[in-house]
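Undergrad: Below you will find the structure I want to go over with you.
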Amino acid sequence: MKNTGKRIDLIANRKPQSQRVLYELRDRLKRNQFILNDTNPDIVISIGGDGMLLSAFHKYENQLDKVRFIGLHTGHLGFYTDYRDFELDKLVTNLQLDTGARVSYPVLNVKVFLENGEVKIFRALNEASIRRSDRTMVADIVINGVPFERFRGDGLTVSTPTGSTAYNKSLGGAVLHPTIEALQLTEIASLNNRVYRTLGSSIIVPKKDKIELIPTRNDYHTISVDNSVYSFRNIERIEYQIDHHKIHFVATPSHTSFWNRVKDAFIGEVDE
């Protein structure tokens, strides 16, 4: 049988079901002449849940223009699911028929400027959040160069359209379709009274605009980027923008549409 030429990396969590699927899928791919490559793949298949897809994204976040992703779920239905663990034959068949088509979603770019001149740069598929460890966080919010408000509360999160269904949704933010290339700024337990006021609702910021957060105190802040957590002291400002790169998923008949993903994840079957 002729080699397909497609290079594939398989990334799985440590759960027994995911490991079983990993070995089965690896064997089927080899028998069908796919190339297993964990450094320079064409397609990355994450096996597990949405957390595993985030890990796969961050492993290849510097190769986004070259890589396409597939989510294979082994537990309860996940938001980034394209295939279930009993659909391996279907997956291999679709890979054989793959023409290179892709479905693309926006990614968040985060720049943390420290007072010592260092700049830390991150990418997020879902969201990036900032909190203060032990007390109320106070930060000025600047949107596209315009001072907007002084926030007081537990923290703030900035999400992508696909990330709008994650932590952002649990905070009461809106669900945003990924064809709308925008960011969403959502408050975490804001402090509102006769003295201190914030807008009190999520803000949708278009692709060309930039969000800046300027903490007013120089102590430690905790920054979460998807499923990774960092602690920084003496932050000068943080900038959030839509990244120049997108995440690309393999566009096959099994790639679930965004609204079907939302329905399956949060609503389920609707009774007639």
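Cβ coordinates come from backbone N, Cα and C, glycine included.
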Undergrad: Please state which member of Ala101, Ala182, Ala189 Swiss-Prot lists alongside Asp50, Gly51, Asn126, Glu127, Arg152, Asp154, Thr165, Ala166, Tyr167, Asn168, Lys169, Ser170 for binding NAD(+).
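TA: As annotated by Swiss-Prot, Asp50, Gly51, Asn126, Glu127, Arg152, Asp154, Thr165, Ala166, Tyr167, Asn168, Lys169, Ser170 share the NAD(+) site with Ala189, chosen from Ala101, Ala182, Ala189.
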Undergrad: In DSSP terms, helix, strand or coil for Tyr167 (NAD(+) binding site)?
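TA: Once the DSSP labels are grouped into three classes, Tyr167 (NAD(+) binding site) ends up as helix.
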Undergrad: Given the binding-site residues Tyr167, Lys169, Ala189, state which is nearest to Asp50 (active site, proton acceptor) when distance is taken between Cα atoms.
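TA: Spatially nearest to Asp50 (active site, proton acceptor) by Cα position is Tyr167.
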Undergrad: 10 Å Cβ neighbour count around Tyr167 (NAD(+) binding site)?
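TA: Its Cβ has 19 other Cβ atoms within 10 Å.
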Undergrad: When you tally the Cβ atoms that lie within 10 Å of each candidate's Cβ, which of the binding-site residues (Asn126, Thr165) has the highest tally?
TA: Asn126
Undergrad: Return one of helix, strand or coil for Asp50 (active site, proton acceptor), based on DSSP.
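TA: Where Asp50 (active site, proton acceptor) sits, the three-state DSSP reduction gives helix.
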Undergrad: Counting across all protein chains present, how many other Cβ atoms fall within 10 Å of the Cβ of Arg152 (NAD(+) binding site)?
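TA: Taking every protein chain into account, the count is 20.
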